[in-house]
Amino acid sequence: MKLFWLLFTIGFCWAQYSSNTQQGRTSIVHLFEWRWVDIALECERYLAPKGFGGVQVSPPNENVAIHNPFRPWWERYQPVSYKLCTRSGNEDEFRNMVTRCNNVGVRIYVDAVINHMCGNAVSAGTSSTCGSYFNPGSRDFPAVPYSGWDFNDGKCKTGSGDIENYNDATQVRDCRLSGLLDLALGKDYVRSKIAEYMNHLIDIGVAGFRIDASKHMWPGDIKAILDKLHNLNSNWFPEGSKPFIYQEVIDLGGEPIKSSDYFGNGRVTEFKYGAKLGTVIRKWNGEKMSYLKNWGEGWGFMPSDRALVFVDNHDNQRGHGAGGASILTFWDARLYKMAVGFMLAHPYGFTRVMSSYRWPRYFENGKDVNDWVGPPNDNGVTKEVTINPDTTCGNDWVCEHRWRQIRNMVNFRNVVDGQPFTNWYDNGSNQVAFGRGNRGFIVFNNDDWTFSLTLQTGLPAGTYCDVISGDKINGNCTGIKIYVSDDGKAHFSISNSAEDPFIAIHAESKL
């Protein structure tokens with residue numbers, strides 16, 4: 001009995017680390033600021049057939065409607081209530097999206113903003129996405145309801161009431177992040193209101209949560225909230241399934257708060273990943289791709305089974321958050337595709353792909369003065385994601401997840417899932433290759449000269465279609481063909497001026 005109980009508790013503890021994606025689906029995509037109606041369509045027409053596991057959606061709860069600057073993306077991170085009512089859509093549209101996505105095997109992960117309410121400087125009134133009244137000055141949020149008792153004003157010891165020193169773990173948790181009213185998560189009432197919101201989402205059918213600003217909450221307070229959560233909806237998930245949890249903790253080293261403080265609750269965002277990979281692929285600070293041989297824990301990252309990884313996210317692609325100038329984004333398309341390709345081929349971590357919108361970037365003294373700009377809109381109403389004849393998106397939606405090179409690497413990861421990291425090659429510089437057991441092989445040329453070499457792929461003999469330069473369609477290849485001989489070797493030739501200086505082949509791209 002003791003052994004059974006031990007196994008049961010371990011099983012229970014492990015649940016929040018597994019993604020709840022359908023078998024054979026290994027990545028999620030952040031459809032940043034998309035409307036629920038567009039996400040529902042995208043699940044059906046694209047994400048499900050292309051092998052995506054799920055979608056991270058923008059915060060679905062009511063927020064402040066900010067008009068100066070006009071409707072910025074960050075207003076979504078200033079809650080007013082837990083009503084499902086935002087510029088992405090209302091509760092009916094949200095339910096419809098979750099149902100339709102789940103029905104085609106694509107999961108929904110909610111960005112949960114639970115550390116705080118809106119900023120202390122916002123004026124009282126009903127300028128909110130559902131018209132709820134709120135008064136930050138008197139700490140009054142009747143639509144929840146929260147009042148003065150439910151905030152950390154009395155607990156914070158800094159003069160301003162805001163976080164002033166990141167080397168003081170207590171003020172990082174108990175004071176206001178950039179003036180955002182800090183909820184008293186130590187109170188059972190507050191925990192219960194948050195759990196009620198999250199349980200409402202679980203009952204609708206979501207598969208898990210990104211926990212925003214986790215660094216600014218005590219790990220024990222997060223745990224107390226998670227302990228109140230329901231199991232997932234058994235219409236779509238096995239009986240007893242727990243929500244997937246990944247916590248946003250920016251830990252680049254050098255601060256008292258560590259990612260590992262949060263492992264007991266679930267996975268954690270590994271911000272070192274994109275910052276370092278960007279530096280390597282840009283070849284800054286003497287970094288080379290050959291150094292990626294021991295990528296992952298060997299670079300001082302958290303354990304693979306605790307990491308949620310990404311090349312860029314909605315914050316750092318516009319200079320917010322962490323990582324600085326090394327972060328690669330869709331603006332750096334050629335290098336970005338290589339970085340995302342490397343991430344999706346490498347076994348480390350659980351992978352999230354970014355899907356962005358364009359904004360009028362304008363740098364003054366090294367800072368993008370338009371880093372606040374919200375999604376494509378007509379006078380504040382978010383524009384539809386239109387699909388062009390060539391399958392790209394219109395209306396200033398970037399849709400990196402639809403770029404052939406990225407979409408095909410999402411599938412590559414599915415095909416090689418569970419296979420070991422094998423057959424590493426490097427030239428001591430920026431030409432590298434590696435395989436995933438006998439299921440996949442990828443080659444990169446990030447040097448300033450041509451790559452031409454015969455390598456051991458570990459794959460069965462045959463003709464393979466390179467899924468970077470083309471697609472396998474009806475048994476034919478629209479891109480480069482790679483011939484693997486009986487001994488598993490193949491010749492690769494990649495010009496340094498190629499549109500995409502990398503090649504990837506896998507078991508399902510065999511002709």
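The backbone N, Cα and C atoms fix where each Cβ goes, glycine too.
Following the DSSP three-state reduction, the secondary structure of Q16 (pyrrolidone carboxylic acid) is helix. Look at Swiss-Prot and you will find Q16 tagged as pyrrolidone carboxylic acid.
Swiss-Prot lists C43-C101 (among others) with the feature disulfide bond. In the three-state DSSP assignment, the secondary structure recorded for C43 (disulfide bond) is helix. Long-range Cβ contacts of C43 (disulfide bond) within its own chain (separation 6+, distance under 8 Å): V55, M97, R100, C101, V104, V106.
Taking a C-beta cut-off of under 8 angstroms and a sequence separation of 6 or more, C130 (disulfide bond) has the following same-chain neighbours: E62, V80, S81, K83, C85, A143. DSSP classifies C130 (disulfide bond) as coil under the three-state reduction. Per Swiss-Prot, disulfide bond is recorded for C85-C130 (among others), and the stated evidence type is experimental evidence.
If you look up Swiss-Prot, you'll see C156-C175 (among others) marked as disulfide bond. Reduced to three states, the DSSP call for C175 (disulfide bond) is coil. A C-beta separation below 8 Å, combined with a sequence spacing of at least six in one chain, links C175 (disulfide bond) to N152, C156, K157, T158, G161, D162, I163, E164, D182.
According to Swiss-Prot, the feature chloride binding site maps to R210, N313, R352, an assignment based on experimental evidence. On its own chain, R352 (chloride binding site) has S27, I28, V29, H30, Q56, L308, V309, F310, N313 as residues at least 6 apart in sequence with a Cβ closer than 8 Å to its own Cβ.
Annotation note: D212 (active site, nucleophile) sits in a coil segment as assigned by DSSP. Taken from Swiss-Prot, the feature active site, nucleophile applies to D212.
In the structure as shown, the Cβ atom of E248 (active site, proton donor) sits within 10 Å of 22 other Cβ atoms. In the three-state DSSP reading, E248 (active site, proton donor) counts as coil. Under the heading active site, proton donor, Swiss-Prot lists E248.
Annotation source Swiss-Prot lists site 'Transition state stabilizer' at D315. In the three-state DSSP assignment, the secondary structure recorded for D315 (site 'Transition state stabilizer') is coil.
Annotated deamidated asparagine per Swiss-Prot: N365 (among others), in sequence order, evidence recorded as experimental evidence. Neighbour list (N365 (deamidated asparagine), Cβ cut-off 8 Å, at least 6 residues apart, same chain): empty. DSSP classifies N365 (deamidated asparagine) as coil under the three-state reduction.
Annotation comment: Swiss-Prot describes C393-C399 (among others) as disulfide bond, evidence class experimental evidence. Around the Cβ of C393 (disulfide bond), the same chain contributes V385, T386, I387, C399, R402, each under 8 angstroms and 6 or more positions distant in sequence.
Around the Cβ of N427 (deamidated asparagine), 16 further Cβ atoms fall within 10 Å across all displayed protein chains. Annotation comment: Swiss-Prot describes N427 (among others) as deamidated asparagine.
Per Swiss-Prot, the feature N-linked glycosylation site maps to N427 (among others); the stated evidence is experimental evidence.
If you look up Swiss-Prot, you'll see C465-C477 (among others) marked as disulfide bond, on the strength of experimental evidence. Every protein chain considered, the tally of other Cβ atoms within 10 Å of the Cβ of C465 (disulfide bond) stands at 26.
N474 (deamidated asparagine) falls within neither a helix nor a strand when secondary structure is assigned with DSSP, and so counts as coil. The Cβ of N474 (deamidated asparagine) lies under 8 Å from no Cβ of any same-chain residue at least six residues away in sequence. For N474 (among others), the entry in Swiss-Prot reads deamidated asparagine.
Look at Swiss-Prot and you will find N476 (among others) tagged as N-linked glycosylation site. Annotation for N476 (N-linked glycosylation site): spatial neighbours L511, criterion Cβ-Cβ under 8 Å with sequence separation of six or more.
According to DSSP, C101 (disulfide bond) is assigned to a helical segment. Each of the disulfide-bonded residues C101, C156 was scored by other CB atoms within 10 A of its CB, and the lowest score goes to C156. Residues R210, N313, R352 make up the record's chloride site, and a Cβ search at 8 Å around their centroid adds I28, H30, Q56, D111, Y246, E248, T269, L308, F310, H314, M354 from the same chain.
Counting every protein chain shown, the number of other Cβ atoms lying within 10 Å of the Cβ of N313 (chloride binding site) is 25.
A gap of 43 Å separates the Cα atoms of D212 (active site, nucleophile) and C477 (disulfide bond). Closest to Q16 (pyrrolidone carboxylic acid) in space, going by CA atoms and restricting to the recorded positions R210, D315, N427, C465, C477, is R210. Cβ neighbour count for C477 (disulfide bond) (all protein chains, 10 Å cutoff from its Cβ): 19. On its own chain, R210 (chloride binding site) has Q56, Y109, V110, D111, A112, Y246, Q247, E248, T269 as residues at least 6 apart in sequence with a Cβ closer than 8 Å to its own Cβ.
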